């Protein structure tokens with residue numbers, strides 16, 4: 001969404017779903033995974049809204065829906081592209097909205113060639129390096145970006161791919177003012193390109209690819225169209241059902257295009273709600289524990305000989321919009337980290353930032369561990385031994401470490417694999433031989449520490465400490481603070497004893513000079529979380545808390561740990577801890593906690609009014625221009641400069657926010673518009689295109705190009721890929737697997753499989769199959785089945801159910817196997833981990849693994865024990881003729 | 001209790017005196033029932049919190065008595081959740097106070113076959129030494145011929161279940177140490 | 001027309017003067033998402049023990065039914081019936097007895113698909129319903145309890161007093177709904193108390209409070225009944241002809257339930273008895289027959305001696 | 001609510017009810033059509049029982065039922081024997097009654113989840129609870145039976161002994177009969193629905209058992225009342241049982257199926273054989289003893305069989321559902337088909 005609208009966060013908030021006239025839940029099983037948020041969907045239904053659930057399975061969400069559309073896992077782009085086609089062809093789009101707030105009229109470079117022209121790939125593909133040269137995708141007359149001449153293409157792609165698309169903030173720079181055609185007739189305008197691009201996504205194609213009957217598909221199209229426009233709005237909700245694919249980002253992009261065409265962004269009851277799975281997953285990308293980002297979606301540095309702070313900013317910042325002020329954000333961050341040591345003379349310690357060389361995602365890290373380069377590993381509330389794709393690779397990586405620190409509540413699989421992991425049983429590893437030193441440190445619970453979570457709607461909510469943690473349990477704040485304190489003491493001592501080499505002293509300087517003097521409290525010397533929040537919020541030269549990122553300066557007079565969170569500690573008050581009851585304020589509830597940016601609850605809400613600043617309709621009024629008071633007003637805080645009139649035209653040469661017109665509702669975008677077509681910022685194409693998953697039993701019906709040509713793959717003997725349709729051996733893995741969550745458990749189970757009350761509700765790993773598949777493979781209800789991929793074999797109890805439909809696709813029946821992924825061998829409720837089956841094939845933008853659509857075989861009975869388990873997999877590999885090249889073709 | 005009191009408290013007699021001749025209501029009420037009170041009433045304090053499971057962000061009220069959490073339930077004030085919780089949120093009390101939680105640092109030495117206990121202070125010191133050593137061994141002033149100023153010696157995974165403040169310090173410390181392999185569940 | 005019903009006031013009849021209104025549950029199963037928050041919230045509040053790990057294969061229901069350690073139970077029914085509007089007619093004019101000859105139902109091993117409705121085509125729906133103690137107006141468990149452990153509270157609810165119960169087990173087969181049960185390791189009988197302790201403090205029961213979609217609604221029974229009638233009308237207007245209330249009728253065999261339900265299918269599909277009757281309704285007749293039998297015995301014995309003449 | 005002064009429908013706070021399962025038009029065409037296969041299957045929830053079956057244990061509760069009947073019948077024999085001067089028979093049945101009731105009580109207490117709280121049975125006086133009534137009854141009968149037995153054994157206080165004997169004889173029939181109400185006053189179909197006949201089955205069985213005891217313990221020549229009682233009890237039991245089965249229809253199936261059926265048949269056979277043997281073999285001491293034993297065993301088997309049948313009928317939901325469905329249908333027909341409960345076409349509103 002970052003690339004489409006400017007910020008990757010949910011455009012709306014859960015309560016606003018109640019205002020929708022139609023809600024499409026796709027790639028999410030909201031009733032099961034977000035039951036309490038689902039109450040707002042039910043409210044909408046109570047007001048007459050229609051609920052559509054698009055999902056391979058019939059879930060608890062489907063049970064409450066007006067329409068359930070079962071589709072083949074991994075074909076969402078074809079389905080949504082079909083709706084885009086319908087909306088364009090039937091002229092159901094919201095024309096006034098389109099002209100005012102989107103890049104539909106922009107004219108694209110004549111060098112651009114679409115998948116229509118190149119049979120499934122875009123112009124600029126370099127098959128050697130599996131990457132696109134994105135220059136041809138630009139608007140006419142625009143350059144890729146200001147610094148492009150100086151930057152080497154490879155790193156340029158990396159940096160830009162890194163920004164925004166994951167969950168964050170910020171569209172890419174597009175250069176000069178693009179040409180427009182207000183009639184939308186120019187053959188190279190975005191609108192026409194879009195029309196051509198989706199021309200072949202017809203209802204017939206959708207039926208063939210997704211297995212959705214045309215009648216049902218058209219029903220969805222009609223419902224969505226009927227419920228969008230001036231008077232009505234529709235909302236989309238998605239979750240990891242979309243992101244966990246080799247084309248995950250493009251799934252979301254398709255929904256963004258659709259919602260933009262229908263005029264549903266920035267308006268009440270509209271928008272796209274990303275449903276995150278962890279308490280603070282939004283927060284952990286905003287303040288990223290991610291390799292490629294710095295706080296506030298500032299990209300990490302890449303290794304370039306020439307780069308200094310100025311060129312970095314020049315390369316990354318935009319001319320127009322709020323990314324135009326990026327230098328202030330970077331400098332303020334550096335000031336927050338290195339305080340007085342960060343000076344204009346030393347570029348505010350810009351050199352202290354480590355540099356990237358390519359991707360360093362968790363899956364590359366595993367490769368580094370196997371190589372031996374990465375010898376130490378912290379696991380902070382995460383369980384990759386069952387929770388990550390191809391869990392075996394994760395364990396093998398850990399078995400090659402020198403040391404491992406696991407911080408969790410209980411002895412999760414990632415802490416005990418060295419004595420009871422699957423490889424011990426198969427004989428691939430032996431406990432005696434494993435050199436890894438393992439530290440298990442008990443973690444404090446949320447009731448035992450202060451701090452803030454950022455929820456799925458960008459809302460920072462503070463939780464207060466209720467009691468002290470028991471025994472050795474400590475918060476991660478305590479752990480990281482005291483670890484840092486000890487390391488700093490040791491390095492300071494080393495520097496002081498006079499024997500240290502200069503280079504080493506220089507190496508340690510960023511650590512020694514780091515601002516790390518947080519106040520501690522209580523017997524346990526717990527750092528004061530509010531003091532950390534105050535640093536995140538930032539302060540000015542007089543140490544006064546800032547209230548808005550507009551106050552940030554590039555001269556070093558302000559410090560701010562995360563610019564998008566600036567304002568959370570305005571007036572020295574913890575705004576995230578505000579708890580004015582919802583019943584005592586309006587339905588937007590602006591005085592409950594604090595949302596980034598600047599407490600705005602619906603993003604781009606300028607678009608809820610027409611270009612003149614009047615609500616599109618009374619029914620859907622949200623923010624409007626009050627001519628008397630000369631400011632924007634309404635139910636929410638305007639996501640726009642409050643005093644900028646609708647007819648504002650920037651002066652020639654204006655930069656940053658000042659360059660935004662009064663109608664540029666998408667204030668983070670370099671042109672102020674929602675992007676139907678993404679000229680820059682994505683690695684795998686400016687428009688979403690249907691590709692088959694890495695492993696698919698079907699050919700790509702639309703193009704000769706079978707799979708995303710730039711998907712990312714990890715080659716390893718334990719990460720073999722399977723042949724897809726048309727290749728010999730594909731019949732060995734004839735079924736589609738999809739993985740998912742259940743209400744009763746949480747992610748990899750670390751917080752649920754140990755709880756008796758939750759475990760008894762879903763006591764054991766199971767797989768779900770249709771009665772047809774059960775008959776075909778002789779599977780018995782409640783008996784065991786073994787599921788095999790080229791990676792491994794797992795076992796599960798069988799549930800035979802109509803909830804897992806077999807679909808008719810391309811004239812044949814495709815059976816699907818459903819696997820919840822919560823289990824592992826430890827805890828009360830146990831079973832094999834579904835993630836063992838997945839391969840490491842990743843979305844090229846986000847590096848998220850594809851676990852929502854794989855192929856497999858399923859057979860009755862338990863899996864073999866010991867070395868025979870490996871034998872079985874090897875036998876399958878041989879039968880399918882799998883080599884290290886299989887499935888890796890472009 | 002005196003005999004007289006006992007006799008007077010005998011429900012058979014109260015059936016006739018208390019207007020409950022069938023003995024199915026007021027007369028049958030026991031002393032314990034009479035004095036029944038919800039344990040939340042006994043709480044010393046009610047602490048405002050947020051559910052730690054998914055990202056809906058439900059409000060929770062944490063009831064504390066004598067420094068022990070005695071009950072966790074939905075916070076009706078929250079405009080997001082309106083006091084409601086899912087089964088996981090409802091199991092927060094078991095999550096935070098249940099017997100499944102470890103409270104002791106455990107250590108497995110290289111090639112060891114079982115856990116050993118370790119005191120927290122020693123563990124922290126050992127970890128700090130490990131970090132320093134691995135950072136040094138994995139240090140790269142340059143990568144691919146370019147200045148990199150980084151270490152590939154250690155990595156970190158996790159954060160989506162942590163507080164923003166915790167993530168902030170993790171990113172800050174590890175970046176200052178030169179580590180780049182910092183990841184979380186957002187990708188998993 | 002709904003409020004005009006004359007309902008008995010069980011609290012008043014049980015010696016409570018000036019008592020609060022009768023409180024109860026209205027469980028609207030049409031908005032239930034089967035999340036089981038009610039089950040967990042109930043267990044957390046009441047410290048009910050976990051009930052063991054058993055994958056039953058009964059759809060997503062792994063707690064099977066109400067019992068000593070399950071005071072809220074969510075039923076899951078997979079049916080080959082359309083998600084939506086139904087033909088409203090019922091077809092019970094066939095010989096149910098003859099059908100019963102074929103056996104009652106499919107056992108769990110064959111019941112991945114509940115075979116309740118063979119249906120046709122692609123139709124499919126998934127019913128979910130949270131069951132609980134009904135807190136009957138005429139409660140058999142309460143009637144038969146020999147110790148007065150089970151008693152009627154001032155809220156009109158039925159509660160086991162754990163300081164009194166001696167584990168005689170009589171209440172268990174007496175309940176027409178299969179609610180109450182004995183906890184083997186403890187010996188006593190347990191069931192939903194409608195959170196009696198919370199009610200006293202003006203708090204709502206734990207399950208109703210947690211319920212994410214308000215499928216479980218708590219309140220004065222009169223209000224709930226009215227709300228439920230409205231809801232049924234609304235559903236009928238929306239074309240859901242099969243919506244019906246269960247346990248709301250004060251004239252039924254238990255005098256109406258304190259916890260009643262809105263269902264989308266026959267009660268027995270959810271595991272409810274279709275026409276429950278409090279067993280003690282027949283107790284006067286039972287006592288009469290016992291008396292007559294005793295007299296018969298007395299007479300028989302007398303005759304035995306008369307017929308035998310005098311002994312030696 | 002600040003929204004109300006704003007614009008349009010956003011002002012309204014969400015209502016509580018949501019519509020579920022409403023179709024969106026396309027399927028509407030189906031309405032009014034009759035489904036191809038009428039929705040007539042007998043249904044249950046995964047074949048799970050509707051009611052929770054008795055947790056009463058075997059042999060505790062069958063023994064309790066059997067011994068209660070034995071005690072009650074024995075007290076009658078004792079009183080008659082005393083009146084008619086059959087000293088040995090009187091002594092044996094007095095001791096037998098007391099022994100039986102003591103064991104019966106012991107079995108009941110043993111079956112309690114909290115035996116130490118046995119006395120809570122007398123905490124209230126509840127005519128709605130046969131077990132409570134039974135407790136009060138036993139509280140009266142037990143000491144009487146005890147007094148009678150004590151006097152008979154020691155030979156002391158003969159007047160008080162006679163009074164106790166008379167008292168026990170008067171309460172004895174109630175002791176033998178009330179347990180029928182106890183099991184009937186449940187939702188167990190085979191028990192509840194048999195509430196009219198079970199008291200006769202129980203007293204008949206109790207009489208036969210007591211007669212068996214009498215035959216075993218009587219001195220030669222004393223036994224004819226016992227023989228008569230055996231004939232009476234057995235006839236009453238068998239007749240009442242037959243009548244019950246006829247009336248109950250399918251609900252009585254458990255009395256004839258499986259383990260329960262085996263026990264009931266054994267009970268009937270033993271009772272009949274005992275009664276017949278006592279008559280036909282009246283001159284043989286061995287035949288008398290065998291007949292007595294058969295009658296006792298028969299009485300135990302019958303009670304045991306009734307107990308087991310109850311468990312079976314609780315186990316299978318059809319015994320709960322089918323009769324109730326039938327009843328609804330009858331009401332429906334009686335009410336002209338309009339007032340059928342649960343008919344969705346007719347909203348439930350008074």
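Glycine is no exception: its Cβ is also placed from the backbone N, Cα and C atoms.
Residues or ranges marked as [4Fe-4S] cluster 1 binding site in TrEMBL: C:32, C:35, C:38, C:211. Long-range Cβ contacts of residue C:35 ([4Fe-4S] cluster 1 binding site) within its own chain (separation 6+, distance under 8 Å): C:212.
For C:42, C:192, C:195, C:207, the entry in TrEMBL reads [4Fe-4S] cluster 2 binding site. For residue C:192 ([4Fe-4S] cluster 2 binding site), the Cβ neighbour count at a 10 Å cut-off comes to 28, with all displayed protein chains included. Residue C:192 ([4Fe-4S] cluster 2 binding site) carries neither a helix nor a strand DSSP state and counts as coil.
Taken from TrEMBL, the feature [4Fe-4S] cluster 3 binding site covers C:133, C:136, C:141, C:175. In the three-state DSSP assignment, the secondary structure recorded for residue C:136 ([4Fe-4S] cluster 3 binding site) is coil. Within 10 Å of the C-beta of residue C:136 ([4Fe-4S] cluster 3 binding site) there are 27 other C-beta atoms, taking all protein chains into account.
Cβ neighbour count for residue C:168 ([4Fe-4S] cluster 4 binding site) (all protein chains, 10 Å cutoff from its Cβ): 32. Feature annotation from TrEMBL assigns [4Fe-4S] cluster 4 binding site to C:145, C:165, C:168, C:171.
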I'd like to know which binding-site residues lie near chain B: of C:35, C:133, C:165, C:207, C:211, which have a CB under 8 A from one of its CB atoms? C:35, C:211
Within 10 Å of the Cβ of residue C:175 ([4Fe-4S] cluster 3 binding site), how many other Cβ atoms can be counted across all chains shown? 31
Who sits close to residue C:32 ([4Fe-4S] cluster 1 binding site): which same-chain residues at least 6 apart have their Cβ under 8 Å from its Cβ? C:74, C:128, C:129, C:130, C:213, C:215
Per-residue Cβ crowding (10 Å cut-off), top of binding-site residues C:141, C:165, C:211: C:211
Contacting chain D at Cβ under 8 Å, from the binding-site residues C:42, C:145, C:165, C:168, C:171, C:175, are C:145, C:165, C:168, C:175
Cα-to-Cα gap, residue C:211 ([4Fe-4S] cluster 1 binding site) vs residue C:136 ([4Fe-4S] cluster 3 binding site), nearest whole Å: 22
Check each of C:35, C:133, C:145, C:168, C:195 (the binding-site residues) against chain A and write down, in sequence order, those whose C-beta lies under 8 A from a C-beta there; write 'none' if there are none. C:35
How many neighbouring Cβ atoms, not counting its own, are there within 10 Å of the Cβ of residue C:133 ([4Fe-4S] cluster 3 binding site)? 26
Out of C:145, C:168, C:195, C:207, point to the one nearest residue C:175 ([4Fe-4S] cluster 3 binding site) in space (Cα versus Cα); all of them are binding-site residues in the record. C:145
Students should find that the Cβ of residue C:145 ([4Fe-4S] cluster 4 binding site) has, within 10 Å, a number of other Cβ atoms equal to 34
What does DSSP call residue C:175 ([4Fe-4S] cluster 3 binding site) in the simple three-state scheme? coil
I want to verify one value. Collapsing DSSP to three states, which class is residue C:145 ([4Fe-4S] cluster 4 binding site)? coil
Show which residues of the chain containing residue C:195 ([4Fe-4S] cluster 2 binding site), separated from it by at least 6 in sequence, have their CB under 8 Å from its CB. C:45, C:46, C:203, C:204, C:205, C:206
Nonlocal residues around residue C:207 ([4Fe-4S] cluster 2 binding site), in sequence order (Cβ under 8 Å, 6 or more apart): C:37, C:38, C:39, C:41, C:42, C:72, C:130, C:132, C:216
Cα distance (Å, whole number) from residue C:192 ([4Fe-4S] cluster 2 binding site) to residue C:168 ([4Fe-4S] cluster 4 binding site): 18
Return the residues near residue C:171 ([4Fe-4S] cluster 4 binding site) by Cβ distance under 8 Å, restricted to its own chain and a separation of at least 6 in sequence. C:140, C:141, C:142, C:144, C:145, C:150, C:160, C:180, C:189
